[in-house]
Amino acid sequence: MRGVKLLAACLYLAAAATVVVHAEDPYFHHVWNVTYGTASPLGVPQQVILINGQFPGPNINSTSNNNVIINVFNNLDEPFLLTWNGIQHRKNCWQDGTPGTMCPIMPGTNYTYHFQPKDQIGSYFYYPTTGMHRAAGGYGGLRVNSRLLIPVPYADPEDDYTVLIGDWYTKSHTQLKKFLDGGRTIGRPDGIVINGKSGKGDGSDAPLFTLKPGKTYRVRICNVGVKTSINFRIQNHKMKLVEMEGSHVLQNDYDSLDVHVGQCFGTIVTANQEPKDYYMVASSRFLKTVITTTGLLRYEGGKGPASSQLPAGPVGWAWSLNQFRSFRWNLTASAARPNPQGSYHYGKINITRTIKLVNTQGKVDGKLRFALNGVSHTEPETPLKLAEYFGISDKVFKYDTITDDPTPEQIKNIKIEPNVLNITHRTFVEVVFENHEKSVQSWHLDGYSFFSVAVEPGTWTPEKRKNYNLLDAVSRHTVQVYPKCWAAILLTFDNCGMWNVRSENTERRYLGQQLYASVLSPEKSLRDEYNMPETSLQCGLVKNTPKPVNPYAGA
C-alpha cells in the first residue's frame, strides 16, 4: 500500500512538473561570435562583419511568444549593438539594441539579449545600429511563425526562404563613417546584393534556392540595405503577397514588389513553370542610373539555363505609390492571436494628438546634417533610457525640444541635440511624415506597429483626413514617403519605454534624422514596463551607479 501511495505521489509530482514546463513559453539559446572577415559581395574581396563566420548572419527561426536568448560576443575593434527590426519588445525596451536604450557591447566583451516576439508573427530582420556597421553586414533574417493552434490563411509551404536584398558599397564602413564625420555624403552605392552576393548573370552562379516542381514556397523579402529602395521580381513567376511586417494582407499577385529600406514582405511563390533555372532580379529604384543584380533559382531535376532576358523593373514613383495603395489588411485572418485582425477598429478611435515630422537637410558649422523639425539628433554618452531610469534626465537631455507643428523658421534653423518626445501613455496619436525633399524617405518606429492610413503628394492639412483608409490599412512598422509627399500613420502608444523613430536611410540616421519617443507609465507598474535587467550594461554618467531598487512595482 505504501508503495502505491509513493507511486501516486511521484506521478502527481511528475504531472505538476509537466504543467510547469508547458506553462512557460519555450526558450531558444544562441551564441553568436561577431568578427571581421573577408567576402566578395560585388566580386572584389573586402572586409565584412560576420556572425559565427556567416555573411549574412544566421537566420532566427522562432514562433510567437518564444523566448529568444542570444549571447553576443563582440570580437570587433569597436563598440557594437544589434537591433531586432520590427520586434516590439513589449514592456522591454531594454533589449531593443539602439544607442538610446542600451550601452554598447565593448570590444572583447559580451552581452546576452533576451526578448520575446510577444503576440507577433511575420517577417523581420536584425542589423547593427552602431556607427556605419550596417554597411559592412552583421545583418540576418528573423522569422516569427504562427503557433500551431492559430489558423494561417494559406497552405503550409514546402519550404521557407529568406531573401535579404540591399545596396552595397565597396568602401569600408570606417571609410563611409569618415565621409559622414567630415560632413560629406557617402554618395550612390556600388551595387546591389541578394543574400550577400551579386550574381554574374551568365548562368555560372550557384543557385541560392532549389524548388520542387508543383510545390509552393514561402519567400520572405527584406530590404536590409543602407539607403536605396529596391524592386524585386522573379522571372516568369508571380508572387502572392500574404504578409507584411507582421500583418496578414489581402492576397494579391504581383509581378514585382518595391521594397523600401527596412521593409519586409512575405510572399508565396509556386513552382509552376518549365523545370529549369530562373533569375531573381533586384534593381535600384529612384536612382539616375539603375543598378541590377540577380540570384539563381533552380528547379529540382530541371534542365536548361535561365533566360538572359531579365524582366524589366518599373519606372517612377507614381507606380510605387499605386502599389502601396493596393496593400490591404486581411480583416478576417488571425495574426498571433485567435481573434481576427479586423476586430480592432482603429478608424473609430478619436485622435488625441497630432505630430508632424518634417525631414530636412542642411549644414551646421559647414558639415552636412539631417534633421526632424529643425533638430538633428545626437547620441549622448549616457543612453537616454538609462538617464530616465536613474533619474538624471535633466543632466542628459530635454524633452520636447521640437514642436508638434513646426514653423518654416524652426525647420530651417538646424540645431544638434538629443531629440526626445514625451508621449502620454495609451494616447491615440496621429503622426504625419512630411517630405519636402527630392528623395524617397523610409521611416521606422521601434516598439510598435502602426496603421499607414495615407501616402499622398503635396503638403498635409487636417482636411486630408477625409482621404485616410480607416478600414483596412496595413498594420506595419516602416512606411515610405515619396518626394514632395506626406504619409500619415495612426497608433496607440500603449507600450512603455524609450522607442526610436528613425530614418532607415543609414546615412540620414547617422547624421541626425531620428528621435526617441518616451512613453512612461504614470503608475510606474510592472504591468506596464519591466525593471532594468540585472545583466544590463551601464555606461556614461551611470557607469558605476547602483541600479535603482525596483522603481517599477505593483501589479
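The backbone N, Cα and C atoms fix where each Cβ goes, glycine too.
Annotation comment: Swiss-Prot describes 25-145 as domain 'Plastocyanin-like 1'.
In sequence order, Ile51, Asn52, Gly53, Phe73, Asn75 make up the list of same-chain residues 6 or more apart from Asn33 (N-linked glycosylation site) whose Cβ falls under 8 Å from its Cβ. Per Swiss-Prot, N-linked glycosylation site is recorded for Asn33 (among others), and the stated evidence type is sequence analysis.
The feature N-linked glycosylation site is assigned by Swiss-Prot to Asn61 (among others). Cβ neighbour count for Asn61 (N-linked glycosylation site): 14 (other Cβ atoms within 10 Å of its Cβ, all protein chains included).
Annotated disulfide bond per Swiss-Prot: Cys103-Cys539, in sequence order, evidence recorded as sequence analysis. Listed in sequence order, Cys103, Pro104, Glu381, Thr382, Pro383, Leu386 are the same-chain residues six or more apart from Cys539 (disulfide bond) with CB atoms under 8 A from its CB.
Counting only residues at least six positions away in the same chain, the Cβ atoms of Asn71, Val72, Phe73, Asn74 sit under 8 Å from the Cβ of Asn110 (N-linked glycosylation site). Look at Swiss-Prot and you will find Asn110 (among others) tagged as N-linked glycosylation site.
Taking the Cβ of Asn330 (N-linked glycosylation site) as centre and 10 Å as the limit, one finds 20 other Cβ atoms among all the protein chains shown. The N-linked glycosylation site feature in Swiss-Prot is assigned to Asn330 (among others).
According to Swiss-Prot, the domain 'Plastocyanin-like 3' annotation covers 345-524.
What Swiss-Prot records for Asn350 (among others) is N-linked glycosylation site. All protein chains shown were included, and the count of other CB atoms within 10 Å of the CB of Asn350 (N-linked glycosylation site) stands at 5.
There are 11 other Cβ atoms within 10 Å of the Cβ belonging to Asn422 (N-linked glycosylation site). Per Swiss-Prot, N-linked glycosylation site is recorded for Asn422 (among others), and the stated evidence type is sequence analysis.
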Subject >> Between Asn61 (N-linked glycosylation site) and Asn422 (N-linked glycosylation site): CA-CA distance (Å) >> reply: 35
Subject >> Cα-Cα distance linking Asn350 (N-linked glycosylation site) and Asn61 (N-linked glycosylation site), given in Å to the nearest integer >> reply: 38
